[in-house]
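Student: Sharing a structure, written as structure tokens. Questions coming.
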Ligand SMILES: O=C[C@H](O)COP(=O)(O)O
């Protein structure tokens with residue numbers, strides 16, 4: 001049985017002060033939940049967030065990292081640095097990274113390997129653009145992204161990762177994939193994993209859905225057999241909405 005995982009990706013939102021205010025309240029509201037809850041503040045707030053979350057079941061994720069452990073890469077952060085700060089997860093290959101920072105599947109693959117070496121759990125994002133959906137290229141797109149990101153991993157390594165299916169046209173637009181469409185793609189991703197790593201690995205991997213998840217649509221999405229949680233953007237910045245999503249899927 002796969003435990004649901006709800007991750008709040010704050011993107012470039014919230015100062016350290018705002019992060020602390022939010023997490024103190026979130027901790028009180030979620031002292032006991034069957035869902036795994038993760039928050040992903042900006043780099044600047046990770047240390048403060050780790051401190052305030054000590055002893056709570058809420059885990060911490062970073063939003064990106066470089067694949068090198070150290071070096072002359074101005075402005076970059078390594079997996080070892082994130083691990084030391086107390087991160088459990090790192091979001092990799094988000095479509096905004098692919099779109100605005102030219103990340104490729106090869107970059108994502110290097111990051112996945114580096115994260116695993118530092119004992120961080122990668123949350124690997126995949127998803128098609130509107131044009132790819134409209135031209136019937138959704139499955140081919142996610143298959144290529146999965147195969148690229150997970151190249152060279154052992155079955156044991158693959159079994160521990162999290163995948164987030166995020167159709168690009170649904171991110172921040174208010175247009176959510178229907179329960180059936182999201183299930184269809186998540187089920188396909190599980191088949192791709194099974195082909196590459198075997199059925200046992202495919203059954204273990206958690207596959208989230210992301211893209212305009214709200215309290216009102218979370219329950220229907222999470223009830224699908226191949227949807228094991230959500231990667232939440234905008235709604236994770238508002239206490240009422242984020243807690244609402246978590247409570248609605250319990
Ligand atoms: O990482 C989160 C996703 O990009 C979804 O964002 P959204 O919930 O604002 O659509």
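Using N, Cα and C of the backbone, Cβ positions are placed for all residues, glycine too.
Automated prediction, rather than curation, is the source of TrEMBL annotations.
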Student: Based on TrEMBL, name the residue from 55, 172, 187, 198 that is recorded for the same substrate site as 9, 10, 11, 212, 233, 234.
Tutor: 172
Student: Can you tell me which of 10, 11, 234, our binding-site residues, come within under 6 Å of ligand 1 at the Cβ?
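Tutor: So the answer is 234.
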Student: If one measures from the C-alpha of residue 9 (substrate binding site) to the C-alpha of residue 94 (active site, electrophile), what distance in angstrom results, rounded to a whole number?
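Tutor: On Cα coordinates alone, these residues lie 10 Å apart.
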Student: When a 10 Å sphere is centred on the Cβ of residue 166 (active site, proton acceptor), how many other Cβ atoms does it contain?
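Tutor: Result for residue 166 (active site, proton acceptor): 28 other Cβ atoms within 10 Å.
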Student: Beyond the listed site residues 9, 10, 11, 172, 212, 233, 234, identify every same-chain residue whose Cβ lies within 8 Å of the center of their Cβ atoms for the substrate site.
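Tutor: Apart from 9, 10, 11, 172, 212, 233, 234, the close residues are 171, 232, 235, 236, 237.
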Student: Counting only other Cβ atoms and using a 10 Å cut-off, which of the recorded positions 11, 94 scores lowest?
Tutor: 11
